[in-house]
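The structure appears right after this line, and notes come after that.
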Amino acid sequence: MRAKSMILAGHLARWSSRHWKWLTFLIWIVAVVAMVATRWPAIYWLVLGDTDDNIRYVQVKDWLAGQGWYDLRQYRLDPPGGANIHWSRLVDLPIAGLMLFFRAFVDQGMADRLACGIAPLLPLLLLMLSLGFIGRRLAGPHGWLLAVVAPFAAQMGLGMYAPMRIDHHGWQLALALTMLAGVIDTNRLRGGIMAGVSSALSIAIGMEMIVYLAAGGALIALRWVFRPGAESRMLAYALSLSGATSLLYLLFASYANRAMVCDALSPIWVAVFGAAGAGMVLLALAPLRGWPMRLAAGALVGGALGLFVWLNWPQCLSPYQISPELQRLWLANIREAKPITAQAQSLVVPLLAIPAAGLIGLLWALWDARRDGERLWAWATVGAMMVFSTALLFWQLRAGPAAQLLAIPPAAWAAHRLVAAVLTGSRRARIAGAAGVALLAAIAFAYPLYPQVVKVYQDMTGQKPKAWRPSALARTDAIKKANGRCRTLPALAVLDQLPPATIFTMVDLGPRILATTHHSALAGPYHRNGATILDIHHAFDGKPAAFRAIAARHHATYLLICPNFPEGTIYQSRSPGGFYADLMRGQRPDWLVPVRLNTDITLPYQLYRILYSPAGSKKIAQQS
């Protein structure tokens, strides 16, 4: 009986290895159904994850309503001129396609919500296929399964694919893994094309992953230096990267991105990647013998490329190109822009669990592959990308999803080896394998388990954290409630009782107002619109007269504030004598008139009409 079971298991393993792509697709279908079902209330109530998701939603709807393909200005931010958004239409395409598809069956509102619920799950399939490909490359034909399902344990990474998370980060992360799959592909021509095209697509979407993509290109070049015959991968990579980048620029670069800008695919980057591709082609075709000569030639070309960029566009070597004042007042207060050392332990430990498992798996894999040059190089490549992404956490927390997802290949490989030991190893190997599997299972459930482990430890040792003051607990609870309630569709949709107007509100509420009402706002958290962001900060930090002058300059009709909204607490703390802090103390100037809206619900925000010529005061003109 045992022998028959082993034979059947062998047949099943071989069959699944042959059809791993279709099986991955079926797993993805199950994941789609489960994630849509669990997130259905968020889909129904249009709960878009953050400001970027809201602006993406508005951008797609504006395009379907007739806004130009190359015109990505958001005219309802700081009208009439609008706000310069640095994205491309590439990510808009699947969202728009799903919207049009569902509109054939349900009303437009529900169709658009369904599209937002399903669109983020499309790049999840690409991610799973890429991880499965890498798993097969590193662990053999049966190594795909654990790699494919591992993202469901990477909660920060998986969050980029949650329904309603329609921003572009999920696509960029998936393309980064596709690029890595191409870098280690044994078929050098296919791998070079895969790495080059996926890098170009990521660049066309946005520049956020540029450091990861540059690292991948550098690893391809290093392999050419030390491995005779690797020039075919580098040649295919160089031609596909430069060619696809140029084509995607023609197809997707907006009017604004045709200027010499650094934060999106622009003529600058077409020139940079064209020069990089040309340099790689010359290196691949040059008759260079021996790795020292290839290393010297590669260093010369790389140095020339760096000098070319520095002499022509030195501003592109800094991350955001924003003023010191904007950095101090705005960017320094964004949690994701702070390093992991500035985050709470309750976030850090679960986040680092998968990278830690990946590091252990990497060391084991490097030792296991020490006598196989090709496998060793593949593992060194994967390890370099994993360590690099984890190191970036000490620069900004927003590197967290990439750090988790890039740690999956070595962690999944280790899990594969441990499971194999449990199933086929000796008694001692089965015991060790079972212990390892248990440890990896605990890591996989680190997010729900960590708080329980901390509680058990505190109960056992009696070392309980210092209790918060009741006032601090009440304040934290009020901030959480305001952050949720002020963004809800029922609360904001009531504003459509008023004729379309420009509403002066906080930076982080502007995009949500655009997505849920017919009104306009001043700004969203987008660095190209730094002047307007600074105006909002100056208005809330300054005196009432300064606020009214700034509001007039931006044609604002109403002021909307949400007591205890996180952004507002910054103004209160930073400027206790400022306009926003005065409002929170109930000190309202007579030129702010409360607006009453007809609704049965208790609104979480306060809405005022701004009067620019109240009795007994000088009129302030709304500047055009």
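Including glycine, each Cβ sits where the backbone N, Cα and C put it.
Here is what TrEMBL says about this protein:
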type	residues	note
TRANSMEM	20-40	transmembrane segment
TRANSMEM	114-135	transmembrane segment
TRANSMEM	141-161	transmembrane segment
TRANSMEM	201-222	transmembrane segment
TRANSMEM	234-256	transmembrane segment
TRANSMEM	268-288	transmembrane segment
TRANSMEM	295-313	transmembrane segment
TRANSMEM	347-367	transmembrane segment
TRANSMEM	376-397	transmembrane segment
TRANSMEM	403-424	transmembrane segment
TRANSMEM	431-450	transmembrane segment
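Panel annotation: around the transmembrane segment (268-288), residues 200, 203, 207, 217, 221, 224, 231-232, 234-235, 237-239, 241-243, 245-246, 249, 260-262, 294, 297-298, 301-302, 304-305, 308-309, 312-313, 316 of the same chain, lying at least six beyond its termini, place a Cβ under 8 Å from a Cβ of the stretch. Counting same-chain residues at least six beyond the ends of the transmembrane segment (295-313), those with a Cβ under 8 angstroms from any Cβ of the stretch are 221, 224-225, 260, 262, 268, 271-272, 275-276, 279-280, 282-283, 286, 288. Beyond its flanks by at least six residues, the transmembrane segment (201-222) meets 86-88, 90-91, 168-169, 171-173, 175-176, 179-180, 183, 192, 195, 230, 233-234, 237, 241, 244-245, 248-249, 252, 262-265, 269, 273, 276, 280, 283, 298, 302, 381, 384-385, 388-389, 392, 402 of its own chain at Cβ-Cβ distances under 8 Å. Nonlocal intrachain contacts for the transmembrane segment (431-450), taken as residues 6+ away from its ends with a CB within less than 8 angstroms of a stretch CB, comprise 150, 153, 155, 346, 349-350, 353-354, 356-357, 411, 414-415, 418-422, 425.
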